[in-house]
Every structure is written in C-alpha cells, then in structure tokens.
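J.: Relevant sequence annotations retrieved from TrEMBL are reproduced here:
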ACT_SITE  T21  active site, O-isoaspartyl threonine intermediate
ACT_SITE  T21  active site
ACT_SITE  T100  active site
BINDING   S67, T100, D101  substrate binding site
DOMAIN    12-202  domain 'L-asparaginase N-terminal'
DOMAIN    227-334  domain 'Asparaginase/glutaminase C-terminal'
Amino acid sequence: MTAADALPPRPRILILATGGTIAGASDSTETVDYTAGVIGVAELVQAVPDLTRIAEISHQQLWQLDSVDMDPARQLELVRQVRAQVARPDVDGVVVTHGTDTLEESAYLLDLLVGSPKPVVVVGAMRPADALGADGPVNLRHAVIVAASPSSCGLGVLVVVGEEIHAARSVGKVHTTRTNAFASPHGPLGEVVAERACYFRTPHRSSAVDGTAAAVISAVGQELPAVEVVQGRAGLPQQMLQAVLESGAAGVVYVGHGAGNVPSDVLPRLGALVDAGVVVMRASRVCSGPVTRGGAVDDDRYGFVAAGDLTPQQGRISLAVALAQSRDPRQVQKFVDTH
C-alpha cells in the first residue's frame, strides 16, 4: 500500500455560486464602489490557496447577482438546487456563495426547506474580490472547512463569515461596511480555529433533524405566498395597512416598538386585516429579545401571530412558508414556534 493509498478520502464539497460582493470587482482598490457578482466561481476557487487540500471541490455557477436582486423565485430555485445536490451520494456538503444584503433571508429559507443532515454553508464577503484586504478568500476557505467537517452534520444551514459559524435561524447582518458584519443575539455556534470547525453549542431547532422539510417543500410548491412588511411608527397612516389588503398579500409582518408593541389606534386596523383573511405577525424593530405571545398585546383576541425571537426579515420568511401550509393563525403560530 502506498502513502497515497493510506490517506483518508477528502470530503466532496460542491460550491454553488450566486454572485454578491464576494464575487465583486472594482476599477480601484475601493471597498465601497464596486460591481457585485462579476467574478465567476472558478476564479473565486482559484484565488483560495490549497482549497483542494481540504476537500474535493466541484462548483456550479447559478447566477451572478447583486443579492438585492435575489427575489423569492430565485430563492426557491436555490432551495431546489441545494436539495438536489445534497441528495447526491457523491456530494458530502454544499457551500453557497451569496451577497450579504439578503444572505440571512436566503439562509433561513434554506434552513426551513432543505432538511438534510449534510452540511450546507452559506458564505459571503463585505469587500470585493480585488479590494485591499478582501475577506472573500478566507471566508470561502473557512466555509469549505466547515462544510467538510463531520461536526457540522445535522446542524441545519450554517452561515460562515469572519471566522465565526452561525445558525441560519438566528444570524443577521448588523453592520453596513465592516468585515465582521454578522452576529447572532446569543453568539455564534462556533469558530474556525487552526483549520478546524470548533463548536461551542448546537442550534436549539433545525429542520435538518426534525424531518419536516420534505412535507413543507411539497406544500410550498412553485411559489411562496406574498407577505408584506409594515414598519410601525407613531401616526401610522391608514393607507399603509389598506395597501396591504389591496395588494392581495396573504400575510403581513408588523414591525412594532419594543417587544412588538402596537399603538392603540393601530390595533383595530390590524385586527381588521385578520378579519379580511390576512395573517398578521407581530415582530420588533429592536435588534434582540423576543416578541412573546400575549405579552403587551392580546394576540388571542386579535388573532395575531408572535414572531418570537425571529427578526422581521426572518419573520417574513417564516410566515410565508407557514402560510403555504395553512392560513389558520394557530397553525402558523405553531410552525413559527417550532421552526
């Protein structure tokens, strides 16, 4: 037996590229004036030293988008692509390169709908690929390390950026320009240290292990129900909520003050939306802390859904997926509470 024969097989990692700043380019070394999604995935992989030492790498270019253009149809197509790839016996894990502006939304949708124990890692960058101090190559390297780690199996979809490993359900973008732009309210699940994925804890819920994703994706079908987001404020005009009704949206996330609180003059107007068949979710504009059911608002009386610890962005994703299965606010609340 040769030395090469004695080496353990490398994990087989597929990189799906969608564009974003990680694939961005500029005419100068600037980090803010650039075009996203210019560089192809083959060039991204080539820019990461010794990546093939970590894993057998294959790659596929899905799109070359600025992630602000990652619309619901593309997000669902991304889900289908990832589901198809993790079902392959010759793929041990998937890395998705994605722009950071909508990364948290796509990652959470993947978490809800992929449902595989195989690692799925979403990664982005805050600086374009040709900028001084570009963070894309090291983030991509770390994402492959995490996807190749047996410790990452069964944890749901993960987000890797700035040496940290986050659960898709809890992570959010918290800064517009810094390279450490993502955080979770209770901290990361782990870090990449010395070329290893080191975990401190596991996520408290994940569709990767509860077996519900297949039924959920079947219910979703080809299109997610429309869900709007209304930013609560003092003196909110009646027209704002009326526009939700006229749009034909199946649901609305109301981003309230504090713990999802609603002004007294807005409560009956939100209740009228519920009476008209629109499911209303209360979320908070505060960056951390839960919106508890029946706290400052009598949710049972009005038929509202409480977002719990989901951000408004993630609440919109959760509500849309829940509404694909049921328009009953009680069933929607149950889904939100368990996913």
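Backbone N, Cα and C define each Cβ position, glycine as well.
What TrEMBL says about a protein is an automatic prediction, not a curated fact.
Mind running through what each feature is packed against?
T.: T21 (active site, O-isoaspartyl threonine intermediate) falls within a helical segment according to DSSP. Cβ contacts within 10 Å of T21 (active site, O-isoaspartyl threonine intermediate), excluding its own Cβ and spanning all protein chains shown: 28.
The Cβ of T100 (active site) lies under 8 Å from the Cβ of G20, T21, S67, G124, A125, M126, V161, K173, A181, F182, each of these being in the same chain and 6 or more residues away along the sequence.
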J.: Might you list, by sequence position, any residue in that chain lying six or more from D101 (substrate binding site) with a Cβ less than 8 Å away from its Cβ?
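T.: In sequence order, the residues whose Cβ lies under 8 Å from that of D101 (substrate binding site) (at least 6 apart) are D66, S67, V68, K173.
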J.: Would you mind pulling the longest C-alpha to C-alpha span across S67, T100, D101, which the record has binding substrate, in angstrom?
T.: 7
J.: Looking only at DSSP and grouping its letters into three states, which state does D101 (substrate binding site) belong to?
T.: coil
J.: Report the DSSP secondary-structure composition of the domain 'Asparaginase/glutaminase C-terminal' (227-334) as helix, strand and coil residue counts.
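T.: Secondary-structure composition of the domain 'Asparaginase/glutaminase C-terminal' (227-334): 41 helix, 23 strand, 44 coil.
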